[in-house]
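Just below is one structure, and these are the notes that go with it.
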Amino acid sequence: LCIVGKGPPSEPKKYDPTFKGPIYNRGCTDIVCCILFIICILGYVAVGILAWSQGDPRKVIYPTDSRGQFFLPSPFMTKPLLFYFNIMKCASPMVLLEFQCPTTQMCVEKCPDKFMTLLKAYTNKEDFKYYKNFCKEGLEGLTVTQILSSGLCPAMLTPSKPFTRRCFPALGQKKGGEITVGNNSKFDDGEGNIRDAKDLVAGVKNATVVIEARQVAMKIFEDYTQSWYWILIGLVIAMLISLLFIVLLRFLAGIMVWVMIVMVILVIGYGIFHCSMEYVSLKSEAGSNVTLKDLGFQTDFSVYLHIRQTWLAFIIILAIVEVVIILLLIFLRNRILIAIALIKEASRAIGYVMSALFYPLFTFALLSIVIAYWAVTAVFLSTSNQPIYKVFNETACDHSRKICEPANFSTSSMKAECPDSKCLFAFYGGETVYHKYLIGLQFYNVFLFFWCANFVTALGQMTLAGAFASYYWALVKPDDMPAFPIFSSLGRSLRYHTGSLAFGSLILSIIQIIRVLLEYIDHKLQGTQNKCTKFLLCCLKCCFWCLEKFIKFINRNAYIMVAIYGKNFCTSAKDAFFLLMRNMIRVAVLDKVTDFLLFLGKLLIVGLVGIFAFFFFSGRVKAFENTAPNLHYYWVPILTVVVGSYLIAHGFFSVYAMCVDTLFLCFLEDLERNDGSAERPYLMSDRLLKVLNKKNKPEPAE
């Protein structure tokens, strides 16, 4: 709608002798969207305050007992372990569905270390005293039958060991493969039945599904605490290398572009060589021929590095990337020479606006605030529920899995109709108005996160565009440029065009949230959808992915036009779109090839830092064996450094990319406004004139 607008398509720009770059006499644009954005931000703050007052992140970290109470690790805790009355009930599929084992759970001082049934312990004073450590209060004067029917004690105790602050049966295995618990293959379940020790395996396995994920998260957190300063050093190295590349591009653009191209090919080639050596070295190792399919998902990701198929996959991926890059370079060799000239011009512009190199740090700081606020709010929202109790029973019961109240459950009709049922903690939820609309608040949190993140990115694009446009249209550089181009452009963007920035980022955010909803629907329908539904969802996801890329392209160029002329978003988007359409061939020849070269630069920095991080954290180099930290998963800091290096390199190279895009639009308008005559000379540099086979005619002699 913004592009089509009303009226005829945008006409080529006419010569205007008064035009000298970004217009300073301008007014506020898209005021309605600006007001809407401010209101939504205030609502976002209110949601955050509400979440922080209701939530408790400890609920997702620490275990809960049958009453929904969680306990924190403390040296003063007398009962730090969680004990299951009947671990075999954890084999129920409901454990995976509700993440709560349908048996009574309570905090104990230590795990049981012997076999014992309530029936036998009740007749022995010393045994019963020991047994009471794993029972609830109120046993005085009750018989064994009354104790079991009231659920005050477990029917049996099995030797257990603490794991992640929970008591699990001490399972073992004899030489013949027979499963044992406490060195016995049989045990009394307390109900007169002799059971096999292997019956405990399923319960232990299901009970540890969530625990394993939590354990992995804790190990990753520990790895970060052990290696954070080395990660920081790696990111600083990435920043210094990126800055060095940018400075060298400023003075040696042509040479550096070819150096980047050759280095990228060499780095990827070394990656192929290293993976091939690892693949060959694993040939003689036992178990290395296991396929990834047979191995399945493992929480210890280092296991995959001992499988030959993993390295073969790396070899294939890197080889494909190498071949694609080489083929693109061969077919684009002539256009690369043209793109290098454009990069040289961008380097010259950055030389006049050196403060632009540090502007990504400001954008990064704002994005960090946005991400941190979203993450904290999301955690507090997800933990602001109240404990929900449900009816658990072994026999058929109409009230099974219904919500109950533990305080009066023993006298309720549910207990009367289902005598063997129990009212146990199931999960955290709620029935209040706040809890009913909690999913809506989570959706609002995600949507505002997208909107704010896109707004910060848009602000950076418009600020840089205004600064570089003032360079291009200045007749005498730097005399006709503002004293502080970045600050002047930033002030104009915030003062006059907050609404336009909010409008463009809102459109992009709506598309992104639709993509998130499509992914959510696809995940929910996994395994139940037919081929037609899968095809439809796949088409929708593909279409919205393409639409998001198109909107990002339009927004970027619209912000450039807003920064120059000060018009509203729709008018600027329409002008930019038709300007590019009138010069479609030049867009393909210059702009996109330049983006490809800058991408190779980012790829090179990530590859160099990634290789260094791999050899350091994996301990493959003997010189670093005593220096590198001891980690559970050495891929954690490596992956963090690689992702962080890409973001840092992207931040620095985005300045170049924005400069190229701005200069590109400016010289397209220059070609339309001027004709190279003495009265209307081109304002572009001699280098660009040569690239485009244009020239300015000399002034006629008097």
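A Cβ is built for glycine as well, from the same backbone N, Cα and C atoms used for every other residue.
If you check TrEMBL, you get these features:
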- 29-52: transmembrane segment (TRANSMEM)
- 228-249: transmembrane segment (TRANSMEM)
- 255-273: transmembrane segment (TRANSMEM)
- 311-332: transmembrane segment (TRANSMEM)
- 352-381: transmembrane segment (TRANSMEM)
- 446-474: transmembrane segment (TRANSMEM)
- 494-518: transmembrane segment (TRANSMEM)
- 596-619: transmembrane segment (TRANSMEM)
- 631-649: transmembrane segment (TRANSMEM)
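In this chain, the transmembrane segment (228-249) touches the transmembrane segment (631-649); three or more CB pairs sit within less than 8 A of each other, excluding pairs fewer than 6 residues apart. For the transmembrane segment (255-273), the residues of the chain that approach it from at least six positions outside its boundaries are 245, 248-249, 314-315, 318-319, 321-322, 325-326, 329, 336, 340, 343, 597, 600-601, 603-604, 607-608, 611, judged by C-beta separation under 8 angstroms. When each of the listed stretches 311-332, 352-381, 596-619 is scored by C-beta pairs under 8 angstroms to the transmembrane segment (29-52), 352-381 comes out highest. Through the fold, the transmembrane segment (228-249) approaches residues 256-257, 260, 343, 347, 350, 357, 601, 605-606, 608-609, 612-613, 616-617, 628-629, 637, 640-641, 644-645, 648-649, 651-653, 655-656 of its own chain, all at least 6 residues removed from its boundaries and within a Cβ separation under 8 Å. Residues 47-48, 51-52, 54-57, 60, 243, 246, 438, 441-442, 445-446, 448-449, 452-453, 456-457, 459-460, 463-464, 467-468, 471, 477-478, 481, 484-486, 647, 651-652, 654-655, 659 of the same chain lie 6+ residues outside the transmembrane segment (352-381) yet bring a C-beta within less than 8 angstroms of a C-beta in it.
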